[in-house]
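Asks: Have a look at this one before I ask anything.
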Amino acid sequence: MTNIRKTHPLAKIINNSFIDLPAPSNISTWWNFGSLLGVCLIIQILTGLFLAMHYTSDTTTAFSSVTHICRDVNYGWIIRYMHANGASMFFICLFLHVGRGLYYGSYMFPETWNIGIILLLTVMATAFMGYVLPWGQMSFWGATVITNLLSAIPYIGTNLVEWIWGGFSVDKATLTRFFAFHFILPFIILALAAIHLLFLHETGSNNPSGIPSNSDKIPFHPYYTIKDILGALLMALLLMVLVLFSPDLLGDPDNYTPANPLSTPPHIKPEWYFLFAYAILRSIPNKLGGVLALLFSILILAIIPLLHTSKQRSMMFRPLSQCMFWLLVADLLILTWIGGQPVEHPYITIGQLASILYFTILLALMPTISIIENNLLKW
């Protein structure tokens, strides 16, 4: 008799995706982040659901409802901080996942890569709207500043911003719609993640060497299921250390002050995971130019496959490209630091140089160095 997991219509899908899936025998821990992102998403949906049971999306009561969750709801504080810090874990995994893709040439699977970019943008939108919900000072002013960027769009900008706000400023209507979108988007992310996997399983996983591994596959279960569980436990450990020992480490103290449209905080800045993009935005003195640079800083990922000039897929055997990659990582860390600093000398200049370097590495240096490596190898 055939095993039920191979015949049952539903079990068959799970079997072919997580059990009998042929996987490369040499994928490293860098391949763990896909499953970790799945775990993050599930944690965020569950904690978010329980928070939504007690949260009110009204400007007069939103801040108090979050306080009520932390003080009066059974284990509300841990649910709230798991959700807030879970977002940080989500972005850590996202950045490492994208970094892995850049390093090992995973972008050579165009459908998987492009859906990944859409996922990244959707998660960023979700996180931004979630940050507005507690209705603290940074929530309100963050929402005001970021939505205002759309007014840089010629001709329709102002109308567009007022349409998104649902009025002439960030107010009750804005908060309500942001809550609605923040609730629905994770389920859209879930669907996109399923499509992401669907396309990945059409080609099979890449591996560190970048060489096709069809001649050497192993079953996903038990080898990679146990590896993924270990990764998930380590991530859960890190998350709970953050939640239980320093839950506000990554947050902004200004968000413990209720939103006040009449008083602007001295330094408006987003959560840490947006700082690199915020630094690029601020480094251009023109509003529209800054918005375009901000957009392009993420959308540049979509043209990475077109800029691949190397004869090899992975950077495993390309030391010069590796130097460029780690220079890019260092540059992103500098941008993240600059995004959290006030707009004054010397931070302005550092931010501008780091922004120029970011685009130069991706658009010019990496493709050029790949060609040099091809020539050195006489390929």
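Residue positions begin at 1 at the first shown residue.
The backbone N, Cα and C atoms fix where each Cβ goes, glycine too.
Take a look at what Swiss-Prot says about it:
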- 33-53: transmembrane segment (TRANSMEM)
- 77-98: transmembrane segment (TRANSMEM)
- HIS83, HIS182: heme b b562 binding site (BINDING)
- HIS97, HIS196: heme b b566 binding site (BINDING)
- 113-133: transmembrane segment (TRANSMEM)
- 178-198: transmembrane segment (TRANSMEM)
- HIS201: ubiquinone binding site (BINDING)
- 226-246: transmembrane segment (TRANSMEM)
- 288-308: transmembrane segment (TRANSMEM)
- 320-340: transmembrane segment (TRANSMEM)
- 347-367: transmembrane segment (TRANSMEM)
Asks: Identify, in sequence order, the residues in the chain of HIS201 (ubiquinone binding site) that are 6 or more apart from it along the sequence and have a CB within less than 8 Å of its CB; answer 'none' if there are none.
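Replies: Listed in sequence order: ASN16, SER17, LEU21.
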Asks: Around HIS182 (heme b b562 binding site), how many other CB atoms lie within 10 A of its CB?
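Replies: So the Cβ neighbour count for HIS182 (heme b b562 binding site) comes to 21.
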Asks: Any contact between the transmembrane segment (77-98) and the transmembrane segment (226-246)? By contact I mean 3+ C-beta pairs closer than 8 Å, pairs at least 6 apart along the chain.
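Replies: These two stretches do touch.
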Asks: Check HIS196 (heme b b566 binding site) against DSSP and tell me helix, strand or coil, would you?
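Replies: In the DSSP reduction, HIS196 (heme b b566 binding site) maps to helix.
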Asks: How many Å separate the Cα atoms of HIS97 (heme b b566 binding site) and HIS83 (heme b b562 binding site)?
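Replies: On Cα coordinates alone, these residues lie 20 Å apart.
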Asks: Where, among 33-53, 113-133, 178-198, 226-246, 320-340, do we find the most CB pairs under 8 A to the transmembrane segment (288-308)?
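Replies: Answer, by Cβ pair count: 113-133.
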Asks: Can the transmembrane segment (178-198) be said to touch the transmembrane segment (226-246) if we require at least 3 CB pairs below 8 Å and skip pairs under 6 apart in sequence?
Replies: no
Asks: Distance check, please: Cα of HIS182 (heme b b562 binding site) against Cα of HIS196 (heme b b566 binding site), rounded to an integer number of angstrom.
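Replies: If we compare the Cα positions of HIS182 (heme b b562 binding site) and HIS196 (heme b b566 binding site), the gap is 21 Å.
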Asks: Residues of the same chain, at least six outside the transmembrane segment (226-246), with any C-beta under 8 angstroms of its C-beta?
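Replies: Distal contacts: 29, 32-33, 35-36, 39-40, 43, 78, 81-82, 85-86, 88-89, 93.
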Asks: In angstrom units, rounded to an integer, how far apart are the Cα atoms of HIS196 (heme b b566 binding site) and HIS83 (heme b b562 binding site)?
Replies: 24
Asks: Which ones in the same chain are close to HIS83 (heme b b562 binding site), with CB under 8 Å and 6+ residues apart in sequence?
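Replies: Expected: GLN44, THR47, GLY48, LEU51.
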